[in-house]
Amino acid sequence: MLDPNLLRTEPDAVAEKLARRGFKLDVDKLRALEERRKVLQVQTENLQAERNSRSKSIGQAKARGEDIEPLRLEVNKLGEQLDAAKSELETLLAEIRDIALAIPNIPHDDVPVGRDENDNVEVSRWGTPRQFDFEVRDHVTLGEMHGGLDFAAAVKLTGSRFVVMKGQLARLHRALAQFMLDLHTEQHGYSENYVPYLVNQDTLYGTGQLPKFAGDLFHTRPLEEEADSSNYALIPTAEVPLTNLVRDEIIDEDDLPIKMTAHTPCFRSEAGSYGRDTRGLIRMHQFDKVEMVQIVRPEDSMAALEEMTGHAEKVLQLLGLPYRKVALCTGDMGFSACKTYDLEVWVPAQNTYREISSCSNVWDFQARRMQARCRSKSDKKTRLVHTLNGSGLAVGRTLVALMENYQQADGRIEIPEVLRPYMRGLEYIG
């Protein structure tokens with residue numbers, strides 16, 4: 001959520017920056033609402049003061065033995081006017097808040113300007129894609145060869161965009177997640193967390209999934225039903241519960257940064273993705289991911305983004321998977337992000353790079369929604385923290401890349417050395 005004061009005092013400047021990401025801010029409407037808010041605010045305060053004054057006069061008139069009925073009627077009328085003004089003001093403030101909640105974050109000044117993924121800027125590459133001397137099989141074919149990926153069984157159990165993993169491929173999938181967690185906790189300084197997979201609406205508002213992206217979530221009950229303690233949604237990413245751990249908290253600056261990680265399933269409806277990536281593990285309704293979250297001082301967030309992206313890169317480097325680092329343009333960034341790097345891993349069967357990690361600096365956008373603040377040791381003043389999140393990595397897509405990049409001519413899959421301790425020394429699947 002953007003700073004309301006900024007929207008009130010510099011709407012044109014905000015609109016200009018948001019236009020770079022393809023968002024049109026209705027400045028005229030905002031101004032009109034703000035002017036009406038000021039009028040109602042003054043009207044409410046004046047009515048309250050007048051009512052208080054008249055109420056005091058009733059006591060004085062009564063003490064003098066005067067007829068207080070006219071004053072009482074006047075106070076009642078003022079009370080009705082005050083209630084009406086308060087009601088209108090509350091409705092207006094709710095409308096302003098709804099508009100504010102639908103406004104995306106302002107892109108950082110060094111984010112490349114563009115409309116979509118075609119305007120993203122490649123920053124660097126690591127590794128050289130392998131040249132195969134045999135016909136490359138995709139991960140679906142390899143999975144079927146080894147009996148490890150059963151999409152038909154998942155359709156029977158649930159539906160499309162799900163999978164049943166079996167045997168050594170299921171073990172390899174688990175090994176990948178364990179390897180990522182061990183790397184981030186033992187070498188990168190993150191604390192491991194186990195979090196709920198169901199969260200309430202306040203939590204989803206905090207990180208920006210609600211109200212704009214309600215259709216992307218799996219809800220336990222229809223959203224239009226009255227919210228209560230049982231109105232949950234499945235998490236689309238561990239970013240949601242991890243980041244909300246600091247909601248309504250004031251953190252001593254000396255305790256920052258806070259670096260957290262978690263391995264969870266993620267659940268997404270993939271609304272708007274009909275017909276895209278229908279084969280295999282690339283786009284699923286349920287997939288596993290190891291997430292990284294950092295809570296930092298505002299002045300440290302840009303450096304933290306570079307660090308976090310490097311942590312995700314380290315996973316790919318240790319696995320020996322070629323990838324490229326891409327700076328997302330303004331039109332391709334997520335709703336809450338002010339700057340984002342994507343890591344795209346080489347997928348041989350598709351002869352292209354595919355996203356496997358997205359690392360974002362969210363600035364104070366989520367912190368303002370969550371009222372997550374830090375306190376200075378010197379002057380005891382509080383300010384909003386900055387939050388960052390990144391995939392470290394998407395486990396299913398890492399499995400895809402590993403299977404295809406490490407496949408052998410006979411269909412066997414070589415296991416990278418760093419994973420063999422998690423596979424009881426196994427060198428090949430198949």
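Glycine is treated like the rest: Cβ placed from N, Cα and C.
Worth saying up front: this structure is predicted, and the values here are computed from it rather than measured.
Annotated L-serine binding in Swiss-Prot involves THR237, ALA238, GLU239, GLU291 plus, out of the candidates SER160, SER376, SER378, SER391, the residue SER391. In sequence order, GLY334, THR340, TYR341, ASP342, LEU343, GLY390, SER391 constitute the residues six or more apart from SER358 (ATP binding site) in its chain with CB-CB distances below 8 Å. The Cβ of GLU239 (L-serine binding site) lies under 8 Å from the Cβ of THR207, GLU291, VAL293, ASN389, each on the same chain and at least six residues away in sequence. Taking only the Cα positions, the spacing between SER269 (ATP binding site) and THR237 (L-serine binding site) is 12 angstrom. A 10 Å cutoff on Cβ-Cβ distances gives ARG268 (ATP binding site) a total of 20 other Cβ atoms nearby, all chains included. The L-serine site is set by THR237, ALA238, GLU239, GLU291, SER391; from the centre of their CB atoms, other residues of the chain with a CB within 8 Å are VAL240, LEU242, ALA262, THR264, CYS266, LYS289, VAL290, MET292, VAL293, ASN389, GLY390. The DSSP secondary structure for THR237 (L-serine binding site) is coil.
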